[in-house]
Amino acid sequence: MAGRGGSALLALCGALAACGWLLGAEAQEPGAPAAGMRRRRRLQQEDGISFEYHRYPELREALVSVWLQCTAISRIYTVGRSFEGRELLVIELSDNPGVHEPGEPEFKYIGNMHGNEAVGRELLIFLAQYLCNEYQKGNETIVNLIHSTRIHIMPSLNPDGFEKAASQPGELKDWFVGRSNAQGIDLNRNFPDLDRIVYVNEKEGGPNNHLLKNMKKIVDQNTKLAPETKAVIHWIMDIPFVLSANLHGGDLVANYPYDETRSGSAHEYSSSPDDAIFQSLARAYSSFNPAMSDPNRPPCHKNDDDSSFVDGTTNGGAWYSVPGGMQDFNYLSSNCFEITVELSCEKFPPEETLKTYWEDNKNSLISYLEQIHRGVKGFVRDLQGNPIANATISVEGIDHDVTSAKDGDYWRLLIPGNYKLTASAPGYLAVTKKVAVPYSPAAGVDFELESFSGRKEEEKEELMEWWKMMSETLNF
């Protein structure tokens with residue numbers, strides 16, 4: 001990963017082995033627009049945002065341009081390479097880039113998972129530039145977000161597919177060319193199918209979260225997983241993400257878990273334990289998008305079945321079942337809640353429409369980002385003030401737990417209401433607290449756990465029951 005300051009650019013250049021395009025020479029890929037054409041197209045700008053499609057060299061250049069403009073709050077890094085060797089680039093925006101600050105939640109946007117679904121890729125490039133611009137202007141909303149959130153933006157998870165789709169002549173692109181990665185793998189069907197595991201666990205008992213815990217080696221050895229998939233799995237496991245959105249194209253709707261149906265049927269509402277907050281998160285996006293939230297909008301395509309759409313949102317399984325998707329994988333393998341947003345009826349619309357898509361989605365992108373500051377947050381520590389990592393935070397009535405990060409910090413997204421939260425960890429007495437959760441900001445609830453490692457074995461079970469009763473009764 002690149003460091004801060006001048007060393008960050010040098011590290012990036014070394015990783016990419018392609019500094020020529022930044023220093024004056026062009027890094028030309030086969031089929032990429034000529035340099036003169038790119039320079040002419042860059043005149044179509046507004047506040048530094050170029051409303052155009054960015055091929056791979058241009059994508060790199062756009063991200064570095066943001067970094068050069070906002071070096072104090074940004075960093076560029078890569079999570080790995082595509083099958084054809086292109087970097088899976090991420091730009092991070094934070095008041096302390098490169099560092100997880102205890103208590104500060106981590107957010108990610110991912111675009112272009114299907115290479116021919118191009119609007120999300122461009123919107124995320126535009127978003128990075130917009131956040132930089134507005135931070136420098138002193139926009140209070142953006143300044144507060146960047147000071148309180150670590151934001152990661154990956155414009156393209158499938159750069160190989162995008163290059164294939166973009167290389168087609170003319171503006172009218174084939175509906176499928178470039179969808180898959182260079183191996184022909186649909187990345188949104190390529191993640192470990194954790195839905196099937198959790199559905200069994202619902203019936204027979206078993207874990208309801210972090211279903212791939214300590215299994216990185218198995219992931220690396222799985223030859224069925226694409227390199228792009230493996231890279232994102234490591235990313236999800238390495239950073240304590242709280243909230244995410246995966247940007248697609250082909251329809252206009254915000255889709256929430258579960259994506260895969262329990263019965264195996266093609267269409268069936270498949271609620272997760274966090275159905276209420278997921279519905280709210282999806283509405284936080286759709287409600288700011290005029291076309292998406294329009295109840296009178298006709299279907300994108302003649303034979304589309306959008307009967308499951310409500311206020312521009314849908315449950316994934318109710319729309320159509322998707323096994324092996326990234327959305328549900330986030331929820332079941334980590335603490336990260338993710339939705340999938342379909343941004344456009346056309347997958348690769350004409351370039352002159354990109355500005356309109358930006359105007360339709362800008363407020364939605366910011367609104368969704370703000371949702372990370374909902375629910376409950378805090379720290380789990382022992383009586384000496386030491387952080388307890390991997391403590392379990394459970395919510396009464398919701399069969400999905402989250403865990404604390406290495407600094408003992410945790411975040412639990414919830415809709416407004418009254419809840420009982422319990423923090424527990426091996427070797428410690430569990431503590432339960434009651435909390436009234438507003439819409440925002442997140443309520444702060446810290447836990448101090450007492451170790452019983454020194455107590456006699458015969459005392460431990462009795463003490464655990466007594467402590468649980470007392471903590472629930474006295475709310476301490």
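These residue numbers are counts, starting from 1, taken along the chain as shown.
Yeah, the Cβs are placed from backbone N, Cα and C, and that goes for glycine too.
The following features are taken from Swiss-Prot:
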SIGNAL    1-25  signal peptide
BINDING   HIS114, GLU117, HIS248  Zn(2+) binding site
CARBOHYD  ASN139  N-linked glycosylation site
ACT_SITE  GLU342  active site, proton donor/acceptor
CARBOHYD  ASN390  N-linked glycosylation site
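Everything Swiss-Prot records as a feature, shown here on the structure.
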residue: HIS114; record: Zn(2+) binding site; Cβ neighbours (10 Å): 26
residue: GLU117; record: Zn(2+) binding site; Cβ neighbours (10 Å): 27
residue: ASN139; record: N-linked glycosylation site; Cβ neighbours (10 Å): 16
residue: HIS248; record: Zn(2+) binding site; Cβ neighbours (10 Å): 23
residue: GLU342; record: active site, proton donor/acceptor; Cβ neighbours (10 Å): 23
residue: ASN390; record: N-linked glycosylation site; Cβ neighbours (10 Å): 14
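Per Cα geometry, GLU342 is the residue among the recorded positions ASN139, GLU342, ASN390 nearest to GLU117 (Zn(2+) binding site). Among the recorded positions ASN139, GLU342, ASN390, the residue whose Cα lies closest in space to that of HIS114 (Zn(2+) binding site) is GLU342. Put simply, GLU342 is the one of the recorded positions ASN139, GLU342, ASN390 whose Cα lies nearest to the Cα of HIS248 (Zn(2+) binding site). The record gives HIS114, GLU117, HIS248 for Zn(2+). Within 8 Å of the mean position of their Cβ atoms, the other Cβ atoms in that chain belong to ASN112, MET113, GLY115, ASN116, GLY120, ARG179, ASN188, LEU247, GLY249, GLY250, GLU342, LYS347.
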